[in-house]
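A quick write-up on the structure given underneath.
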Amino acid sequence: MEGGNSPNLQLQQLPLATAAVSVQPHTDSFSYKENLIGALLAIFGHLVTSIALNLQKYSHIRLAGSKDPRAYFKTKTWWCGLFLLVLGELGVFSSYAFAPLSLIVPLSAVSVIASAIIGIIFIKEKWKPKDFLRRYVLSFVGCGLAIVGTYLLITFGPNSHEKMTGENITRHLVSWPFLLYMLVEIIIFCLLLYFYKEKNANYILVILLLVALLGSMTVVTVKAVAGMIVVSIQGNLQLDYPIFYIMLVCMIATAIFQATFLAQASQLYDSSQIASIGYILSTTAAITAGATFYLDFTGEDVLHICMFALGCLIAFLGVFLITRNRKKSVPFEPYISMDAMPGMQNMHDKGIAVQPDLKASFSYGALENNDNMPEIYTPATLPIVQEQHGSKGVSVPPYRVLEHSKKDF
């Protein structure tokens with residue numbers, strides 16, 4: 001009996017084992033297909049978003065240079081830009097539902113490449129070939145490096161996929177790697193916020209690190225919300241899980257605070273510096289968050305991880321070269337502060353300084369509030385040397401007259 005049943009059992013188990021083995025290649029090919037779909041959606045979204053922003057900027061510039069009394073929101077160009085902006089953001093949002101987070105985030109370099117190319121195309125001035133190449137050689141090199149980095153990112157990106165169900169997201173949320181990561185991030189964020197608010201540490205690295213830490217949480221929640229929406233559309237409803245609304249609220253809150261810090265950084269520093277440094281810091285923080293929350297690099301071999309890291313570094317260098325070639329604002333030339341002159345009223349007591357306009361001219365008389373101005377716009381004071389009679393050959397160190405009382409006179 002036993003000898004007659006054992007061949008039948010083996011024959012019955014053989015198709016099951018064969019079927020189990022045949023599932024793995026299909027899953028791999030399907031996951032690579034999802035990676036490609038997500039990457040193409042992200043590239044399309046960033047490209048369309050860059051075109052939309054340039055269209056809206058063109059609408060504002062065109063109205064400013066004409067006598068058209070219409071408001072900007074009454075022009076067709078601005079509305080076309082708004083439509084493309086919404087379309088691009090939807091493309092980027094949906095890309096998180098298909099590809100891993102660590103693959104989608106670095107592809108934001110496409111928007112920098114598109115902005116550089118569009119900026120060159122819409123130049124009004126005529127350049128000679130030598131001047132043109134000399135002026136934009138860094139942009140061309142940066143675009144080439146960014147394209148090579150993007151290709152490496154798509155080719156060697158992580159290939160981990162799972163359905164974004166409420167159970168899976170909850171399990172990742174309470175996992176010890178992510179809880180440890182959140183603890184470290186909260187401590188770093190609180191320290192940076194303390195130095196920024198209390199110690200007036202308005203350095204670009206401090207502000208953009210705050211933006212990057214908030215952005216890492218934004219992309220984690222965006223992937224969760226987008227993935228649960230796609231799973232719900234496929235027939236498995238996920239919108240009745242409380243974790244969906246928790247992620248939605250966190251996504252909106254972190255995006256708002258991120259935009260607030262970016263607006264403060266744009267008032268203090270040049271946009272090219274913000275674009276390059278912000279891209280590097282935000283991409284690094286987002287990849288770290290994706291690796292700890294969604295375990296993007298689990299099961300990946302060392303070669304793929306190294307090539308992915310190389311693609312990120314090449315993309316970083318490309319973005320840096322593109323933004324480095326942009327026009328920078330002309331630094332303000334130093335001038336004599338009025339409060340350094342004896343007998344003059346000190347106007348800095350009320351936070352106001354007498355200074356020329358910001359067009360590198362010396363036309364005194366414009367009153368500007370210099371509380372929030374960067375260091376290059378603060379007044380430079382020339383030293384005043386006190387002359388002493390009867391002591392020849394003795395050098396007296398220069399000093400600055402800060403305040404004068406009635407006793408001095």
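For all residues, glycine too, the Cβ spot is worked out from N, Cα and C.
Listed in TrEMBL:
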- 36-56: transmembrane segment (TRANSMEM)
- 77-97: transmembrane segment (TRANSMEM)
- 103-123: transmembrane segment (TRANSMEM)
- 135-154: transmembrane segment (TRANSMEM)
- 174-196: transmembrane segment (TRANSMEM)
- 203-231: transmembrane segment (TRANSMEM)
- 243-262: transmembrane segment (TRANSMEM)
- 274-295: transmembrane segment (TRANSMEM)
- 301-322: transmembrane segment (TRANSMEM)
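Remark: the transmembrane segment (77-97) makes no contact with the transmembrane segment (243-262), by the rule of 3 or more CB pairs under 8 A. Contact between the transmembrane segment (274-295) and the transmembrane segment (135-154) does not hold: fewer than three of their C-beta pairs are under 8 Å, each pair 6 or more apart in sequence. Sequence-distant contacts of the transmembrane segment (103-123), counting only residues of its own chain at least 6 positions beyond either end whose CB sits under 8 Å from a CB of the stretch, comprise 35, 38-39, 42-43, 46-47, 49-51, 53-54, 58, 92, 95-96, 136, 139, 142-143, 146-147, 149-150, 153-154, 157-158, 219, 223, 275, 279, 282-283, 286-287, 290, 296, 311-312, 315, 318-319, 322-323. Of the ranges 36-56, 135-154, 203-231, the one with the most Cβ pairs under 8 Å to the transmembrane segment (243-262) is 203-231. Residues 35-36, 39, 43, 103, 106-107, 109-110, 112-113, 116-117, 120, 127, 307-308, 310-325 of the same chain lie 6+ residues outside the transmembrane segment (135-154) yet bring a C-beta within less than 8 angstroms of a C-beta in it.
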